[in-house]
Amino acid sequence: ALWQFNGMIKCKIPSSEPLLDFNNYGCYCGLGGSGTPVDDLDRCCQTHDNCYKQAKKLDSCKVLVDNPYTNSYSYSCSNKQITCSSENNACEAFICNCDRNAAICFSEVPYNNEHKNLDKKYC
């Protein structure tokens, strides 16, 4: 779920305010996304969007009325390491790994302030 993704990003980047920092960044960070990613961070978001699209195609996710933004899962954070719980079902595990990989990606690439609230005409 979105609030868990927020927590994962805080785990990897404790100084961040994920919903403020990463929402409406570039062409893909935030709801929706199209065009060409503007940088590596935007590519992290594009990959995350594609991961959620794959999750929605899984049979184990089809029974859910929810979508990946609201479907919750179990994970833990210790010493900046994110672990998805083995108790997650197949769908939860998939979404957890989408979020985990994106949080790791965010922590490994530069943040360019000029790409925050980017006019989508540049996408």
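A Cβ is built for glycine as well, from the same backbone N, Cα and C atoms used for every other residue.
The active site annotation in Swiss-Prot covers His48 (among others). Sequence-distant neighbours of His48 (active site) (same chain, 6+ apart, CB under 8 A from its CB) are Tyr28, Cys98, Asp99, Asn101, Ala102, Cys105.
Annotation comment: Swiss-Prot describes Asp99 (among others) as active site. Around the Cβ of Asp99 (active site), the number of neighbouring Cβ atoms within 10 Å comes to 26.
The annotation Ca(2+) binding site is assigned in Swiss-Prot to Tyr28, Gly30, Gly32, Asp49. Cβ contacts within 10 Å of Asp49 (Ca(2+) binding site), excluding its own Cβ and spanning all protein chains shown: 19.
Taken from Swiss-Prot, the feature disulfide bond applies to Cys11-Cys77 (among others). Cβ neighbour count for Cys77 (disulfide bond): 15 (other Cβ atoms within 10 Å of its Cβ, all protein chains included).
If you draw a 10 Å sphere around the CB of Cys123 (disulfide bond), it holds 15 other CB atoms from the protein chains shown. The annotation disulfide bond is assigned in Swiss-Prot to Cys27-Cys123 (among others).
Cys29 (disulfide bond) falls within a strand segment according to DSSP. Of all Cβ atoms in the shown protein chains, 26 besides its own fall within 10 Å of the Cβ of Cys29 (disulfide bond). Here Swiss-Prot flags Cys29-Cys45 (among others) as disulfide bond.
Residues or ranges marked as disulfide bond by Swiss-Prot: Cys44-Cys105 (among others). Non-local contacts of Cys44 (disulfide bond) by the CB criterion (under 8 A, 6+ apart in sequence, same chain) comprise Cys29, Ala102, Cys105, Phe106, Val109.
Within 10 Å of the C-beta of Cys51 (disulfide bond) there are 17 other C-beta atoms, taking all protein chains into account. Secondary structure at Cys51 (disulfide bond), as computed by DSSP, is helix. Residues or ranges marked as disulfide bond by Swiss-Prot on the basis of similarity to another entry: Cys51-Cys98 (among others).
Annotation comment: Swiss-Prot describes Cys61-Cys91 (among others) as disulfide bond. Secondary structure from DSSP puts Cys91 (disulfide bond) in a helix.
Its Cβ taken as reference, Cys96 (disulfide bond) is surrounded by 26 other Cβ atoms within 10 Å in the chains shown. Under DSSP, Cys96 (disulfide bond) is assigned to a helix (H, G or I) in the three-state scheme. Residues annotated as disulfide bond in Swiss-Prot: Cys84-Cys96 (among others).
According to DSSP, Cys123 (disulfide bond) sits in a coil region rather than a helix or strand. When the Cα atoms are compared, Cys91 (disulfide bond) and Gly30 (Ca(2+) binding site) turn out to be 22 Å apart.
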